[in-house]
């Protein structure tokens, strides 16, 4: 067996893990980001050592990237222990900040909370959405290289037919995150005719076409290992993004934007009916001749082409979520309601997932069936609600510390009925320049470039190193170095105020 065949076999025929285990791992970054914000606030009270570019990068890397690497590798069986450490650290930092509060020092906790609920937020940008997209990007970047090493648990790898693996979440999470900030949600193409809107949508696809074709040519030219049942012979992630964007652009021309959830449910349900009552499922699994043929364009790429329908449903659900979250709100209490509503919706979807998996069909990444779509949306909503709740706690910490500033977090604007002296301090915080020393902002700014860098460096590592026989310490060092390099490049570009766009 050749090295290529060994690597392909190493990532194939996996059955995944439980939905609960994946959900546990997904919510941990929200806690880590909260701890990072609390540490920055406390450091502003104690010293200024965290306010230079090098130190801030290391802090962000330690709180955002390192926990992801360890959760997907050596601490995969100790996620609850990581939660315990993060909760203790976060609670300790919050308690210390509260004890050192410079505002409302003599006021009881209940009164402080009452005043906090009256605070307004400068909500032009929602930090939780930026963090959501960055967490998904970082998770994907770690996983695509880690999966080739023995220290990566096989249960986290992409499943072969049925089941839920941590890596199965990646594409769906990316599509959902992109949908939340799509031009339609941001009303970017509101001016002009429908034809103008469609033209702009099509024009925005050419970088993805370039990347998709480029990846296909590169993979075939170097004879790189491939997981055939993931997308097919020629298809890849970029082609899925193109197809989803094309279909959803047409759908949003026909259907009202605020009824995207109806479209999402309809597509997912009809697609599942087609899988159950037509030869569509047999076509995906066994090809047109029933023997797994890869002859012809459809047979060669049947998984990638047909699963697009499921991802379209996920995208439409993301559009509806984006419309809800990006709706203008002024008070912190409104955002508490939003976070709770999203959390309850996620719980409802997880209950629906259980019912569907028991009575209809188990989740399948390969087909992107109804259960898979529900799982992706529920997982995205649980992560988003965790990040929103973390932002609210961080806002409380900023509320009690005069002139506290944390990059990629809400700016506070006090309500007119509040204490005048504290009003001045919070308005100053709202008007001061946002610190640029932030890895999260940097990754969100050049997300596509970060993903491209991760793919290229993953290929270089695989071509130059025998990943299958790498020891755990060596693999862990390589993974952290790989992520450190990619993050540093993106961070330096951000410090130089450069956004790399191909369109």
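Any Cβ shown, glycine's included, is placed from N, Cα and C.
Quick look at what Swiss-Prot annotates:
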CARBOHYD  15  N-linked glycosylation site
MOD_RES   415  phosphoserine
TOPO_DOM  1-21  topological domain 'Lumenal'
TOPO_DOM  43-56  topological domain 'Cytoplasmic'
TOPO_DOM  99-131  topological domain 'Cytoplasmic'
TOPO_DOM  153-160  topological domain 'Lumenal'
TOPO_DOM  182-201  topological domain 'Cytoplasmic'
TOPO_DOM  223-236  topological domain 'Lumenal'
TOPO_DOM  281-304  topological domain 'Lumenal'
TOPO_DOM  326-337  topological domain 'Cytoplasmic'
TOPO_DOM  359-369  topological domain 'Lumenal'
TOPO_DOM  391-447  topological domain 'Cytoplasmic'
TOPO_DOM  469-472  topological domain 'Lumenal'
TOPO_DOM  494-503  topological domain 'Cytoplasmic'
TRANSMEM  22-42  transmembrane segment
TRANSMEM  57-75  transmembrane segment
TRANSMEM  79-98  transmembrane segment
TRANSMEM  132-152  transmembrane segment
TRANSMEM  161-181  transmembrane segment
TRANSMEM  237-257  transmembrane segment
TRANSMEM  260-280  transmembrane segment
TRANSMEM  305-325  transmembrane segment
TRANSMEM  338-358  transmembrane segment
TRANSMEM  370-390  transmembrane segment
TRANSMEM  448-468  transmembrane segment
TRANSMEM  473-493  transmembrane segment
Practice item. Sort out for me which stretch, of 22-42, 132-152, 448-468, 473-493, has the most Cβ pairs below 8 angstroms to the transmembrane segment (79-98). Key: 22-42
Point to revise | C-beta crowding around residue 15 (N-linked glycosylation site), within 10 angstroms | key: 14
Point to revise | Stretch in 22-42, 237-257, 338-358, 370-390, 448-468 most in contact with the transmembrane segment (161-181), if contact is a CB pair under 8 A | key: 370-390
Check your understanding: Who are the chain neighbours of the transmembrane segment (237-257) in space, where the CB to CB distance is under 8 Å and they lie at least 6 residues beyond its ends?
Key -> 171, 175, 178-179, 182, 184-185, 194, 197-198, 201-202, 204-205, 208-209, 211-212, 215, 231, 263, 304-305, 307-308, 311-312, 315-316, 319, 323
Review point. On the 0 to 100 scale, where does the mean pLDDT of the topological domain 'Lumenal' (281-304) fall?
Key: 91
Check your understanding: When you check the transmembrane segment (260-280) against the transmembrane segment (370-390), do you get at least 3 Cβ pairs under 8 Å, counting only pairs 6 or more apart in sequence?
Key -> yes
Review point. Does the transmembrane segment (305-325) reach the transmembrane segment (338-358), going by 3 or more CB pairs under 8 Å (6 or more apart in sequence)?
Key: yes
Check your understanding: Taking contact to mean three or more C-beta pairs under 8 angstroms, with sequence separation of 6 or more, is the transmembrane segment (370-390) in contact with the transmembrane segment (22-42)?
Key -> yes
Revision key, fill the gap. Tertiary contacts of the topological domain 'Lumenal' (359-369), defined by C-beta under 8 angstroms and 6+ residue spacing from its ends, are 158-165, 168, 172, 229-230, 271-272, 275-276, 281, 284-285, 303, 306-311, 314, 353, 375
Check your understanding: Who are the chain neighbours of the transmembrane segment (473-493) in space, where the CB to CB distance is under 8 Å and they lie at least 6 residues beyond its ends?
Key -> 57, 61, 65-66, 69, 73-74, 138, 141-142, 145-146, 149-151, 439, 442-443, 445-446, 449-450, 453-454, 457-458, 461, 465, 467, 499-500
Practice item. Please spell out the DSSP helix, strand and coil residue counts for the topological domain 'Cytoplasmic' (99-131). Key: 15 helix, 3 strand, 15 coil
Revision key, fill the gap. In the three-state DSSP scheme, residue 15 (N-linked glycosylation site) belongs to coil
Exercise for review: Six or more residues out from either end of the topological domain 'Lumenal' (281-304), which same-chain residues have a Cβ under 8 Å from its Cβ atoms?
Suggested key: 161, 228-236, 239-240, 275, 366-367
